[in-house]
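Feature list (source: Swiss-Prot):
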- 123: active site (ACT_SITE)
- 256: active site (ACT_SITE)
- 257-261: region 'ACP-binding' (REGION)
- 286: active site (ACT_SITE)
């Protein structure tokens with residue numbers, strides 16, 4: 001009996017979608033001033049590098065953003081809905097408790113059958129989802145997977161907390177992964193440390209028809225910074241070692257777009273020149289699970305990321321979770 005040839009997962013297309021409403025730092029400062037909260041463009045840029053963010057209008061849902069990003073990724077990949085045999089949505093802001101946001105996206109796209117589910121790993125979510133889809137494709141359980149990161153984080157922000165409300169935006173990014181004979185995704189590592197849950201969390205829950213606990217995002221910024229740069233540095237080196245490449249071989253580093261300070265510090269630790277780091281946090285702010293696919297899509301469409309190049313994508317977020325995916329484009 002002939003042995004079945006190993007299949008690999010390769011990125012065939014990408015897409016991104018941002019809400020139409022753009023809120024600059026000056027816009028946000030003016031809005032917060034009506035609440036007697038003081039901030040400014042200079043204060044936000046100096047600490048985060050963020051200059052603006054996109055915010056969804058009331059009534060716009062995560063599944064709607066995800067669907068638009070998915071359609072653009074499918075167009076880019078040249079695939080039809082009936083070719084999609086897996087949909088994974090990474091989100092911490094689902095439309096419903098259930099069904100999954102992925103099921104809603106499947107219905108919106110007119111896709112049928114195939115595994116369809118959500119992954120919740122906050123800002124690491126897209127890397128978790130991509131690794132999951134890669135495993136299914138390698139195992140021969142899927143051939144064409146739609147992997148999406150989508151969030152409306154503006155719905156879980158405390159707009160009276162200057163330390164967090166200026167950091168986040170809404171949006172969605174997606175990739176199509178297709179089975180291929182040659183490796184696209186070379187290696188992936190996922191990790192978590194549940195003892196660090198309280199440094200970044202939204203602890204509310206639904207019970208008996210009411211939201212109980214604190215429904216808003218809370219963050220210990222200094223603890224998150226320290227954890228993020230430590231684990232991402234180690235994860236990058238581990239995933240490169242598994243793939244048999246050096247960090248210097250990476251053409252593009254696409255980390256989770258949390259804060260420009262984290263991005264710059266990580267680049268220095270890895271000795272990756274800043275011109276080889278894709279940075280979109282200035283325009284998008286932190287879009288949680290959407291940040292990595294949005295950044296990848298921007299860099300593919302503006303011509304920076306080219307076929308054949310080596311790209312390292314990294315996520316880090318609440319849980320505390322982190323992970324890396326190394327891919328040949």
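Along the chain as shown, the residues are counted starting at 1.
Backbone N, Cα and C atoms are what each Cβ position is placed from, and that goes for glycine too.
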Stretch-averaged pLDDT - the region 'ACP-binding' (257-261): 96
For the region 'ACP-binding' (257-261), the number of residues DSSP places in helix, strand and coil: 2 helix, 0 strand, 3 coil
Residue 286 (active site) in three-state DSSP notation: strand
Residue 256 (active site): secondary structure state under DSSP, collapsed to three categories: coil
For the active-site residues 256, 286, the one whose C-beta sees the most other C-beta atoms within 10 angstroms: 256
Secondary structure of residue 123 (active site) (DSSP, helix/strand/coil): helix
